[in-house]
């Protein structure tokens, strides 16, 4: 099937280019009867929006989303929800000079070779601007999960360059432009950002996403495991190069005796597994990490070729984030919420009648 | 959709429990006209097969695969290929004692809670025995990719516990029971395995998979990116807790100026991206790493509960690998081959007419 | 998967209610490099558009479609095409009185029971207004099929009430408001329509769709046969109650000796099969018929109940077609084009390398 | 996606050729906890089985089905159910002479052209023998629907040639080899069959399928309507050329005032719609008709060509039914049951929380 959809039962399909007329998406499969307004979506869109701090691109987009269908008298009807964000600050002239060359580390080359042509304005479809629609769609999932099941999906910046940010305080996250849960790291982050701006360079990041109150039983073995679907959804975010569930790559040099999560009548004693066993949620916190590469949109000159295959040197002008990982936090939350929502519906379809006397915590 | 299928156009659906009657799968969408025999599949099955060395479980299964359909006069017909492996060495009596309790670190608890019951014999459907069918299906993809496009998919053990194995020699891999590409590490690996056996413990591992000669253009942005689909496929392998494409988590503390892969008229200067840009293959090697947890099937006693919620202590008897990562090598190859095959067909469907004068290497 | 998409590789997903803000759709999987403008879509939209003759509803919608993405510099890019039609002539006040009751023969009752609520304005999502987006999406398929393969998909009104219209002249179809291919029937049709208007009643119709120059080989046995997918697509059109391929129900009392289409070195001698054998196109004309029920939106009073379960009598006010079958012609063409396009891509994915010396005509 | 699967949540994938090693299928998505034995499946298989009366092919296959997975201790586990029927009476020698020619009215020509080769033995994959697996899979759906919801899916022969069979008595159906509900027609049917045998000819048929006690609310507008999915499933049966829901093609010359099903506080007054409004079940009987063509496997010589394109005359030897419509009854039941099961699960996924005070009957 064509590649712009995600989810089976809660199904999100997006369209739109960075500098096209508009971005849009269709969210199909939303349960009926859920109160929903544009404001519900705007909150997360504003968290992702460019131009909100000096650390992100200065492109100024209000990113105002309109609900075009699927909501009647303030409540979802069960029919597909059409969403639209019109592009306003497009400044295509910024991009004329990259029309005929391939920015290294970007999708310019691969789009050109796959499709035989490309919309070069701001990366066209390959721009992370597309993720605005994911955030809007994810907000619908988040609202349903929270309201019907008390499930909360939250993310934070867990590392930027060498600076690690521990989860000290969830509340801190919304109070700084880094989504950093550790106030003691803010100064260091600010310093790194200023250094990068000066150097015209960028840096990678790690983002952690956590879902609380996920019921046991979500995930469809064998292939559509909850962890496999999370890996798919998170790896589909622009610039992501790695995905971990629970302890992730740290398990490589662990022993079974330390890594297994023992169980007592009061519950699990640890959560190395990140809340997923055999592809199915265990009722613990679901935890995932993603690694985001440093953007290649930097002002340090780099070598590349043009369409004729000639060597050229280029720098990326335009408006770019020195660390794209920051704004990835609401995107990663959205993707996890979409996956959980989809699996909640899938589980309900097949296992609706299941009852169990076995303890859950 | 139900969760036991992978791939859209090259579609693999598996069934079977560890100690059931048989394992089977249907491979749908295979192009017609490909010479194919059971021997083509058996080679990789034998590489994954238990009981082949003293480092793996002593369960002895010939794992003889039969082709039941889709091949006529030695050639694929384009119709679905049914594959079957009958279980022979089932020894269900080994598992009577775990009938009513939940092995920590296994899917026992989550299956019980999701489905309200479970086939407890050897983990039932959650056993890695299911992966035999993935290997068989993957062998079909591998054969087609190799024969029609010269694409080669190979994997190796890149780390076990603290022992790192560098890719020194592809030929070495088939000459030792660890799929280790560095002969200098064999002794250390052997020693670790013996130590684990003695301690009744297990250890994690990292496996690397590489595809050569992948053409530029495979992968469907936005959601069905090649990297996202690889992440899905690889994370769906039992015990995998992390997936990396190219440099993976190492990008977190890299700068854009060092991480971007510059391009010259002679080709890319590096491959930090692992052969994928914007979700589309770049024509470079496609490289992925996976982290496999240490199996929880160990003989060191651990705490858990039974169905009544009472605390019990247990050890896992039966026949288990101290490092499940070893046998994951052919499985990971199979999953990568399936994903590449699927995307090759998808790309052909949409972009069959595309011609490009831009250099490819 | 959620139900508002059709096609696997050429995938159309629609949204929008009759009296909502807008109708929209995403066409995913369009091959790159196809010249495409809004005018290409507008032609068929105008053929379907209400208010164009005195025989159709007097709702006046310009149905101007905008392309929001996926086309760059006049050419498709391979990325999803977002389409939008804003609703302008909504007159919701017409519908206040049906808010609390269920029009017989409409989806009011079933939507209410399925979703627990409904957008009652003009039928909401169940209105045939949704088909405008199908027509727009179908126009993309039609253009590609025509341009790349010379495939032409055309439909006509083959029966209305007792009046049968034979395919005498394809050119005639665009010259009368009935899509009738037989000029001799126009007077009778006009008379029937006037009679229906007077009586406040409606009548059923049969529409025939034909595709010329379809290559042999399209269709995926066993379930995704070309005929099965056509049946799905055509039955999904509002008011359709029957689908026939080729001779359809006339085969029931035929003998094998008269119904089989014999073959000679010059080609098939007949086409009872409607161009499909074993679910695969034979290279002959693909022919399908659909039966459309008389709309239940009539001014003759009818019995129904309200939300409280009380008996009420109602008439349908508002603006309605006495024969919805007429405007179904471009819709049916669109659906056949979408299915052919999808199967053309699917066939290319799997059977791209197939060569055959066997004659085709 | 490859074409050998049907259903989204209750998903059936089949494999196997008429004269291959075996037929098989995987039924994925079956709810856990349902008692299921091979005998449950065998009943319907025996109803479809060849060689049971003198009116059907004399191929003698026991069609004994084995359950290979997904059932543990007599109960479904929620994991995929693998089913297998080994072919025993294959007599491939019967088919040597059709190796190089294309039987008119069969899929020989289209398979050859699509795939470049074909398994010519008994039609290979295009043989209706494949439908045995549909019947087995459908029996699982039937059991669940009956047991959990009291839904009963039954079919009958409603016409053969010119002989119409009215639904006089459901019990009669299992008491004659024609699935005929009218004992008064048995003699005429027998006579027609004998006449056909003598003439070496075949005849078409109409089959009606009815589901009782279907709850209101099944079906996903817009494309995945219950009627559209039924049309897909039923048209995918070999030899089917037409599908009707409710009154079907009879609506063409009906008026809206007679065709709409009025509603009273006691329920609907009629069921012209066949139990589906707007693509969603209304709570009434779901009724569908299918038209089956007369098989082209007859002994009256017919013209065709061979692989070299030369004219040849041929007759079909081997063992064939003079009316394939008879044995289509259990197949059609199976397909309707699969579709209802799938939609029941889909409806549960999205609309599980919906409550309604509006009367249902």
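In case you wondered, yes, glycine gets a Cβ from its N, Cα and C as well.
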Where TrEMBL places region 'Disordered' among the ranges C:13-36, C:37-60:
C:37-60
CB neighbours of residue C:54 (NADP(+) binding site) within 10 A?
11
Among C:48, C:125, which are binding-site residues, the residue with the most C-beta atoms within 10 angstroms of its C-beta:
C:125
Among the binding-site residues C:295, C:297, point out the residue whose Cβ has the most other Cβ atoms within 10 Å, with all shown protein chains included in the count.
C:295
Which of C:127, C:239, C:293 (the binding-site residues) has the most other Cβ atoms within 10 Å?
C:293
Cα distance, residue C:48 (NADP(+) binding site) to residue C:239 (FMN binding site), nearest Å?
15
Interface-adjacent binding-site residues, chosen from C:54, C:125, C:293, C:295 when a CB lies under 8 A of chain A:
C:125
Could you measure between residue C:297 (FMN binding site) and residue C:48 (NADP(+) binding site) for me? Cα positions, answer in whole angstrom.
19
List only the single closest residue to residue C:54 (NADP(+) binding site), chosen from the binding-site residues C:125, C:127, C:293, C:295 by CA-CA distance.
C:295
How many Å separate the Cα atoms of residue C:293 (FMN binding site) and residue C:48 (NADP(+) binding site)?
18
With DSSP helix as H/G/I and strand as E/B, how many residues of the compositional bias 'Basic and acidic residues' (C:40-49) fall in helix, strand and coil?
9 helix, 0 strand, 1 coil
Would you mind listing, in sequence order, any of the binding-site residues C:48, C:54, C:127 that have a CB less than 8 A from a CB of chain D?
none
How many Å lie between the Cα of residue C:127 (FMN binding site) and the Cα of residue C:48 (NADP(+) binding site)?
14
DSSP state at residue C:54 (NADP(+) binding site), helix/strand/coil:
coil
Using DSSP and three states only, what is residue C:125 (FMN binding site)?
helix
